[in-house]
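Taken from TrEMBL as is:
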type: DOMAIN; residues: 18-94; note: domain 'Membrane-bound transcription factor site-1 protease-like N-terminal'
type: DOMAIN; residues: 176-431; note: domain 'Peptidase S8/S53'
type: ACT_SITE; residues: D185; note: active site, charge relay system
type: ACT_SITE; residues: H216; note: active site, charge relay system
type: ACT_SITE; residues: S381; note: active site, charge relay system
type: DOMAIN; residues: 452-583; note: domain 'MBTPS1 third'
type: DOMAIN; residues: 584-849; note: domain 'MBTPS1 fourth'
Amino acid sequence: MAAGGNESYRHVCSGTRKSYIVAFNGYFTAKARSHFISSALRGVGAVNWRIMPRENPASDYPSDFEVVQIRQDAHSSLLTLQDHPYIKRVTPQRKVFRSLKLLAGDGGSSCNDTRWMQKWQSWQSSRPLRRTSLSLGSGFWHATGRHSSRRLLRAIPRHVAHILQADVLWQMGHTGSGVKVAVFDTGLSEKHPHFKNVKERTNWTNEKTLDDGLGHGTFVAGVIASMRECQGFAPDSELHIFRVFTNNQVSYTSWFLDAFNYAILKKIDVLNLSIGGPDFMDHPFVDKVWELTANRVIMVSAIGNDGPLYGTLNNPADQMDVIGVGGIDFEDNIARFSSRGMTTWELPGGYGRVKPDIVTYGSGVRGSGMKEGCRSLSGTSVASPVVAGAVTLLASTVLNRELVNPASMKQALIASARRLPGVNMFEQGHGKLDLLRAYQILYSYRPQASLSPSYIDLTECPYMWPYCSQPIYYGGMPTIVNVTILNGMGVTGRIVDKPIWQPYLPQNGDHIDVAVSYSPVLWPWAGYLAVSISVAKKAASWEGIAQGHVMLTVASPAENDSAVGAEMTSTVKLPVKVKIVPTPPRSKRVLWDQYHNLRYPPGYFPRDNLRMKNDPLDWNGDHIHTNFRDMYQHLRSMGYFVEVLGSPITCFDASQYGTLLMVDSEEEYFPEEISKLRRDIDNGLSLIIFSDWYNTSVMRKVKFYDENTRQWWMPDTGGANIPALNDLISVWGMAFSDGLFEGDFTMADHDMYYASGCSIARFPEDGIVIAQTLKDQGLEVLKQETAVVENVPVLGLYQTPSEGGGRIALYGDSNCIDDSHRQKDCFWLLDALLQYTSYGVTPPSILHSQNKVLPPTGTDGSLPERLEGNHLYRYSKVLEAHLGDPKPRPLPACPHLSWAKPQPLNETAPRYNARSL
């Protein structure tokens, strides 16, 4: 959220009145665009729609989009627009809210963010938390509830350009001259004394001013290019100031798109964007960023201020083609606020990429004041212009500017970065910016491909966490490493033939199998290489280290070669090193169900803890390496092996596992999954479910009003999808309720907090049920009344009756094992439940608890039903629309990896250098 300075909050609050962005599949004149739209809407009365005028510097040039206001019931008009051959996509025009919170280096004053403070009001917003400014402010402290990191903002002011030794390059005559750098922010006053080469100031807002009324844009521009007092990196660079936010902190997607188009026209070299948000499915925005980098614009963006939680990367910094920047303090500690990886685009079937790319100073940094003088700010929006300034300065040192592109610059930065000790790759990326080493690499750079990370070492801790945290073994789910291919040879490229797997026989490389999948086209400047690693059957009871490498060749069209079809090629090796152990016993193996977890984007999935109204979206991926990281680390410390199921329940061999762990599941279940799970449990698999709230009245209460379409945006499930879970467990006479409870209690001498959980409505009579006294939070939400309910069943344990059958444990709240908003952890309870499910040991503290009650029969109340008219089918992997009554899709095939044919090397593995470029 807002960070120490000001947070440019691309917080999309409400869309404009029935306004839509109509994107074309090319650039056309205003006349042609009008003609296309008119012909598409020929059957729609002219009084019912109009093209919105856009008066800004890009108006005189062809454009690839138009903003259309449709005044009637818009749905049929949208369909006719989308059917036009020249129209690529129609999306709602977003009103973007940016809440700037100034927090000076001396602690500053705080200004409370009241957006979510009204008690239990319906949230009136089109999409909250879209893209925010990434400097720190009071909203950050409000969002995390942790105050210890305030000391970061009191760091001694230091001139960051001098600390990074920019003066060495200045003395060599390099000062940024000839490099065009764009600052997309809040503007800059005309006669600011710190700047000598402001080439152009443009205004993209509906306010008639070019000046900065907030100070954020001035600070960012100063870090990049100030020539006096608090000096920037590149004082002679050509500054292009894009004012894309009003003094009321408002912007629109269309303003960004026009401004991005103008940046391409002006041949901008470096662009700093200190904003971000969780919506990596904001298609017009993401597409335009790709187009910018394809036009050789080096985009530098802040990774986000949602740390220390994992899975909190912001867009666009999480894109492969963008340089994503995290923050450190002047003692080289990762800033607490800096967002952590992994990327969550790839879930549930794949695995996230390494981000940030690089970290640098973002805490207590000095920059230009709004009118004059200097000030100190903190946040990743401060770290971003530090890297943008360094990139601008570095670009000016390269004689052949054709060599400088988004990939080559990122390659130089990450190959030269200094690794911070004791910090993993999802916190620091490749390490700390080292300006002079980056200069040395660029000085002798030759166009080539490279990999990020440049090697896979599952034995290297803590840098290669989480890979290094668990050895691999025969029969385990394949370990997936998502490597980014950077292609400095050209904006487009391809992998020649197929990547080759070469095991080193002296290093037992033949004990592992490797499969690779990869981008068919590398564009723009990058692509992915997914490496799946499994243990060969012959190593089922073997322990040791296995090594090999994946080798691939990247080809790109030779830009300056007159020969038709001429290509440049570059061959890279990815060293692989893994630790293998004998397959652990079934009782030690836990399978985490990732497949049935859904999150924002694309749909509105509300937070599991309804008290957290300032952060209402469930957007961290719900993965054991993101917001369930602490739980994962705890299970590993207890000796359990935790694997991830990224496909349906039909796709795993249950005889391998002791317990299936389902936490906070929002997805539906295929009928085949339900019947298979029942068979698996009959045959000895155990099941633990941590549920969450589900109440249709509360779901209607926490809706959003979307002014784009004049419609309310309803959540598609509650904290969890209780009706679907009940379908799964009904055969054992079990069900969760739609009750919604909150409160503190003690269980087995442990302090517990129940945060927006449900209760158990039905349970077998020979099961064990524990009840507690809790507050009725549903009543509080719906009627603002308080009531205490005694004997609320929260925990149930059951041994299924079949011979050798498994055990089932239900608990009504997942917040106590979720890092997102956890107040008191219940890892002890998870330990106790696993003792029960894996070994059949009923914890004495539960067996003899004074809070044991008779299991509820569920005869006195109906069970929760799905919200009528919900749109879960739009985002579900299980459901599809079916004449207004969503039905399950056909069960998908289970993933099948085609293992690479090994080409063994009878030679010793070389020592590899993580920095080679």
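Yeah, the Cβs are placed from backbone N, Cα and C, and that goes for glycine too.
Since this is a predicted model, take the numbers as computed values, not measurements.
Averaged over the domain 'MBTPS1 third' (452-583), the predicted model has a pLDDT of 95. Sequence-distant residue pairs (6 or more apart) of the domain 'Membrane-bound transcription factor site-1 protease-like N-terminal' (18-94) and the domain 'MBTPS1 fourth' (584-849) include at least 3 whose Cβ atoms are under 8 Å, placing the two stretches in contact. Within 10 Å of the C-beta of H216 (active site, charge relay system) there are 33 other C-beta atoms, taking all protein chains into account. Taking DSSP states H, G and I as helix and E and B as strand, the domain 'Membrane-bound transcription factor site-1 protease-like N-terminal' (18-94) has 22 helix, 27 strand, 28 coil. In the shown protein chains, 37 other C-beta atoms lie within 10 A of the C-beta of S381 (active site, charge relay system). The Cβ neighbour count for D185 (active site, charge relay system), using a 10 Å radius over every protein chain in view, is 30.
With respect to their backbone Cα atoms, D185 (active site, charge relay system) and H216 (active site, charge relay system) stand 7 Å from each other.
Helix first, then strand, then coil: DSSP counts for the domain 'MBTPS1 third' (452-583) stand at 12 helix, 71 strand, 49 coil. The two recorded residues, S381 (active site, charge relay system) and H216 (active site, charge relay system), show a Cα separation of 9 Å.
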